[in-house]
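TrEMBL has this to say about the protein:
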type: BINDING; residues: 2; note: Ni(2+) binding site
type: BINDING; residues: 73, 76, 90, 93; note: Zn(2+) binding site
Ligand SMILES: [Zn+2]
């Protein structure tokens, strides 16, 4: 299950960042998942719970933001976001395009948590 290795990477990254940010407790991880990333969200959520167990981010919520596929349409000379990943074709004029500008993301972009209180060290 490839979501499990992804979940482990996300958890590892979150733990590192929380440490650098001085977060005492992490309450949420914000993750962007592109429609072309190949990640099944339900599988990722399930894997995340397993991967987070026993780490500094255990109990933190996983908040997933969907990123639609965006292609560049050479006919419109514009970026167009697709209502579905397939077909890769401009939704306005119908021109096929393989020039993908977004939708492959799989990234941790924010952490929520409680910082260390000053004078409490
Ligand atoms: Zn177009």
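Positions of Cβ are set from backbone N, Cα and C atoms, glycine also.
Overlay of TrEMBL annotations on the structure.
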residue : record              : DSSP class
2       : Ni(2+) binding site : helix
73      : Zn(2+) binding site : strand
90      : Zn(2+) binding site : coil
Residue with minimal Cβ packing [other Cβ atoms within 10 Å] among the binding-site residues 73, 76, 90: 76
Rounded to the nearest Å - Cα separation of residue 90 (Zn(2+) binding site) and residue 2 (Ni(2+) binding site): 31
Residue 2 (Ni(2+) binding site) and residue 76 (Zn(2+) binding site), distance between Cα atoms, whole Å: 37
C-beta crowding around residue 2 (Ni(2+) binding site), within 10 angstroms: 12
The residue listed as 'Ni(2+) binding site' to residue 73 (Zn(2+) binding site) - Cα separation in whole Å: 32
